[in-house]
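Could you have a look at this structure, given as structure tokens, before my questions?
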């Protein structure tokens with residue numbers, strides 16, 4: 001099977017609680033490589049652009065408010081079946097339904113403050129990666 005890329009966010013709630021290192025450790029332990037990463041503080045305009053598909057939905061404004069409330073870590077992950085593998089590691093969106101040992105079961109505070117985001121399809125991964133990273137900032141590892 002070919003290598004696949006996915007996009008990941010460590011959200012403001014997890015950054016604030018100093019969970020970046022623990023989450024990175026678990027990503028790498030799951031067999032995924034971090035091939036690009038940076039810390040950013042989203043502007044309202046950036047958050048609106050990134051979450052444009054949700055505009056008009058009841059959770060859009062609270063989501064933007066949360067995602068602009070503090071710095072986030074954005075990263076590109078690479079590995080076999082990276083999208084499915086990272087989604088399995090994250091667990092269900094609602095931490096109460098997430099399996100034990102998943103990132104959300106272990107670190108999420110609530111459904112809104114659920115610590116991490118991951119792309120749900122190859123098309124989403126490509127769009128989300130391109131939103132934050134020019135190809136020159138992505139460094140595949142052997």
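Here the Cβ of each residue, glycine as well, is placed from N, Cα and C on the backbone.
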Per Swiss-Prot, which one of 5, 17, 104 shares the ATP site with 11, 59, 87, 93, 114?
104
Just how spread out is the ATP site if you go by the largest Cα to Cα distance in Å among 11, 59, 87, 93, 104, 114?
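Pairwise Cα check on 11, 59, 87, 93, 104, 114 gives a maximum of 21 Å.
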Just counting, how many other CB atoms are there within 10 A of the CB of residue 104 (ATP binding site)?
22
If you count the other Cβ atoms within 10 Å of each Cβ, which of the binding-site residues 93, 114 comes out on top?
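The residue with the densest Cβ neighbourhood is 114.
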So which one is it: of the recorded positions 11, 87, 117, which has the fewest other Cβ atoms within 10 Å?
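It is 87 that, of the recorded positions 11, 87, 117, has the fewest other Cβ atoms within 10 Å.
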Would you mind pulling the DSSP three-state label for residue 59 (ATP binding site)?
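Residue 59 (ATP binding site) sits in coil per DSSP, no helix or strand.
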